[in-house]
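A.B. asks: This is the structure, below, for whatever I ask next.
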């Protein structure tokens, strides 16, 4: 059997997010069908008027913040790619979401109550939060960011380093009068010292370190530019939760699952730190919050997908959910374990179809032609994936995107690789 062989054929630009075409053959960004070079100018005409299917509220949001909308669309495309990765071994593998352009919420499956619907909605909501919050921290959006805060933090860092240096000299018995002359690192590596440090009373500026701090390396404080997760959550909520009546079961489960997706991002924010000091030392650190890697977000939501709760709606039209006894696995999903809080779990209210055959009404492309693993007993095995129809063994040569990197805004730079391999294909 011939081993897979990859040959890089060259770089191609794969347009995502605010792009209309998946092919990109010119230098610059093809933003919504407009050929522009360099950083795009995202205006309401360039973004909003080319998006079909927007609600009135979404159109108002887009006109007010076209740059944030473009970032949200990029997050949606990232989420679709992650959805395809996480459900690659399932009969429904998110591929149909790509067929609905920039707004997959028009997809039939996202307007149903399946387990797959819940997972997809939560991942799309998480993608919007992640993309918008990250763009904010990079200063790419007019409505948020912290460039001014960065400059203020730089001044604070220089002052803090100076204080720590002077305290070091004080503890070492070095004359403060000669410290400024003998330590060029203070000015050469960290910019000019604040003017008031050259006064005749530098001791007045020193703030003694706490007694429990015995080493300068233990000193850290908040700084840098944290991802504006609150702004991302707010825009995701305003953008995605605005469809349908809140009393409709479809809308209520959608809003619930959107919230679960956003919560996974906020719950997994992590602290990132940077060292500051002379000559490569780490005299103290500034730290800020960053969003989790989106692969982690996808993996955590997949776990929730596998344990999603089957619910029914009370007939009181008051928005309350009840978990049903018995799920799609044929047994009570809560039996033998502590009852879970439904607020952090994905919920669904319709039993999923088998997705074996093409069925546009539920966005099923079927599994004919899908590659399966004949040695796997799982969902990706030929027995399950091919729905009992059997499989063929074929030698396949294909091209695929590889080594992709997302760039602001709004494209993905990929290499195109050629793959030749023997595969098992569902009949």
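Cβ from N, Cα, C; glycine included.
From Swiss-Prot, for reference:
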type	residues	note
DISULFID	83-94	disulfide bond
DISULFID	136-144	disulfide bond
DISULFID	146-225	disulfide bond
DISULFID	273-287	disulfide bond
DISULFID	275-282	disulfide bond
DISULFID	356-387	disulfide bond
DISULFID	372-382	disulfide bond
DISULFID	386-426	disulfide bond
DISULFID	402-417	disulfide bond
DISULFID	404-414	disulfide bond
DISULFID	409-410	disulfide bond
CARBOHYD	93	N-linked glycosylation site
CARBOHYD	373	N-linked glycosylation site
LIPID	279	O-palmitoleoyl serine
SIGNAL	1-28	signal peptide
A.B. asks: Using Cα-Cα distances with a 10 Å cut-off, which of the recorded positions 93, 144, 287, 356, 414 are near residue 382 (disulfide bond)?
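C.D. replies: Those near residue 382 (disulfide bond) - Cα within 10 Å - do not exist; the answer is none.
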A.B. asks: In whole Å, how far is residue 287 (disulfide bond) from residue 373 (N-linked glycosylation site) when you measure between their Cα atoms?
C.D. replies: 45
A.B. asks: Sort the disulfide-bonded residues 273, 275, 372, 414 by C-alpha distance from residue 387 (disulfide bond) and give me just the closest.
C.D. replies: 372
A.B. asks: What Cα-Cα separation, expressed in whole Å, is found between residue 404 (disulfide bond) and residue 417 (disulfide bond)?
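C.D. replies: The separation of the Cα atoms works out to 11 Å.
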A.B. asks: Find the shortest Cα-Cα separation between residue 372 (disulfide bond) and the recorded positions 93, 273, 287, 414, and name the residue that gives it.
C.D. replies: 93
A.B. asks: Return one of helix, strand or coil for residue 83 (disulfide bond), based on DSSP.
C.D. replies: helix
A.B. asks: Once the chains shown are all counted, how many other Cβ atoms turn up within 10 Å of the Cβ of residue 404 (disulfide bond)?
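C.D. replies: Residue 404 (disulfide bond) is surrounded by 12 other Cβ atoms within 10 Å.
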A.B. asks: May I ask which of the disulfide-bonded residues 144, 356, 386, 402, 417 is closest to residue 275 (disulfide bond) if we compare their C-alpha atoms?
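C.D. replies: Sorting the disulfide-bonded residues by distance from residue 275 (disulfide bond), the top entry is 144.
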A.B. asks: Go through 94, 144, 356, our disulfide-bonded residues, and report the one whose Cβ sees the most other Cβ atoms within 10 Å.
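C.D. replies: Ranked by Cβ atoms within 10 Å, first place goes to 94.
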A.B. asks: Out of the disulfide-bonded residues 83, 136, 282, 287, 417, give me the one sitting nearest to residue 426 (disulfide bond) by CA distance.
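C.D. replies: The smallest Cα gap between residue 426 (disulfide bond) and any of the disulfide-bonded residues is with 83.
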A.B. asks: Using a 10 Å cut-off between Cα atoms, which of these recorded positions sit near residue 83 (disulfide bond): 93, 273, 356, 402?
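C.D. replies: For residue 83 (disulfide bond), the recorded positions whose Cα atoms are within 10 Å come to 93.
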A.B. asks: Provide the number of Cβ atoms within 10 Å of the Cβ of residue 417 (disulfide bond), excluding the reference atom itself.
C.D. replies: 17
A.B. asks: Cβ atoms within 10 Å, counted per site: which of 136, 273, 275 has the most, among these disulfide-bonded residues?
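C.D. replies: Its Cβ has the most other Cβ atoms within 10 Å: 136.
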A.B. asks: For residue 136 (disulfide bond), what is the secondary structure by DSSP, using just helix, strand and coil?
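C.D. replies: DSSP call for residue 136 (disulfide bond): helix.
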